[in-house]
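**Student:** Please see the structure below; I have some questions.
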């Protein structure tokens, strides 16, 4: 298993979901369905925002960034997972494992930053509506996106180097379905205190701080909403936050639940840990396009009009084909006409 020049294994073996082997086909079908819906939903969302100029607003620019991040998260783990469940392909090369680890952790941090930026967007829209366009300029939105990318890359770039410095002796079986940082670190045969502290600090400081600021922004939003005079105005203001709240819950609830079970659930079966870790990565890309497509009026109307136009065009084309067929003369009469007017028949006469 080991290279002759280093203590790194040539490849790791991803264990998959131990204990649920008899259900691999059913689990793979569910994961594949979630994967396809996630891809189609996020691609459709990006396409609609791209072609509709009325959606070229700060909220939808943030939504484009969120959909792009979700696409990367879906493609970073799910294809390999399906390979394990369907074709029993458990091997992943050492460099590919480090690449997968970097992408899934860095883009998860980016998603947390985008959810924080979107909560700031909702705060400005509700608490400072007259200054919304003046504050959230294209320049500021671009800088927020670049800051989210820079923070994630700066924090996750050390991970591959921290893993490479560890000797793995003869252990190469990862008790997980993808290359999660702590699952790989556990295979090292030296003291991994620094790696453990680094991973814990990043998780608590970054995700924890983002969640604290999101909660604080919603406290300010609720204070502004309850100052409104009419109930209808309160409901309208809160309804604009419904999709964002669903996105927050779909991302942070599995993260917190998985962390709690991992730290304190010593008697919880391993397959529960792994399933929660997969839900944490697969649920947001599935939920976000559905929620924003249903809850956002502009996107919902655009999808409805696109479906209506396509259906109308289909009916029109089908009707034109039937009309053209009905206008053609019968085949028998056409043959009789050709026979009567043919030069050979006139010559015989």
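Each Cβ is built from the backbone N, Cα and C atoms, and glycine gets one as well.
Predicted automatically and left uncurated, TrEMBL annotations should be read as such.
Look at TrEMBL and you will find 23-48, 60-78, 98-120, 132-157, 197-225, 237-260, 272-294 tagged as transmembrane segment. The domain 'G-protein coupled receptors family 1 profile' annotation in TrEMBL covers 41-292. TrEMBL lists 321-349 with the feature region 'Disordered'.
Distances, neighbours, how buried they are, the whole picture for these features please.
**Tutor:** Residues of the same chain lying 6 or more positions beyond the ends of the transmembrane segment (23-48) and with a Cβ under 8 Å from any Cβ of it are 16-17, 55, 63-64, 67-68, 70-71, 74, 78-79, 81-82, 85-86, 278, 282, 285-286, 288-290, 292-293, 299, 302-303, 306.
Among residues of the same chain six or more beyond the transmembrane segment (60-78), those with a C-beta under 8 A of the stretch's C-beta atoms are 31, 34-35, 38-39, 42-43, 45-46, 49-50, 100, 103-104, 107-108, 110-111, 114-115, 117-118, 121, 138, 141, 145, 148, 177-178, 247, 278, 281-282, 284-285, 288-289, 292.
Long-range contacts of the transmembrane segment (132-157) within the same chain: residues 58, 61-62, 65, 102, 105-107, 109-110, 113-114, 117, 121, 124-125, 202, 206, each at least 6 residues beyond the stretch ends and with a Cβ under 8 Å from a Cβ of the stretch.
Listed by sequence, the residues of this chain that lie at least six past the ends of the transmembrane segment (237-260) yet keep a Cβ under 8 A from its Cβ atoms are 66, 111-112, 115, 118-119, 122, 125-126, 203, 207, 211, 214, 218, 221, 224-225, 228, 273, 276-277, 279-280, 283-284, 287-288, 291-292, 294-296.
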**Student:** Which bits of the chain, at least 6 residues beyond where the transmembrane segment (272-294) starts or stops, bring a Cβ under 8 A of a Cβ in it?
**Tutor:** 16-18, 31, 34-35, 37-38, 41-42, 44-45, 63, 66-67, 70-71, 73-74, 76-78, 81, 104, 108, 111, 176-178, 180, 242-243, 246-247, 250-251, 254-255, 257-258, 261-262, 265, 300, 303
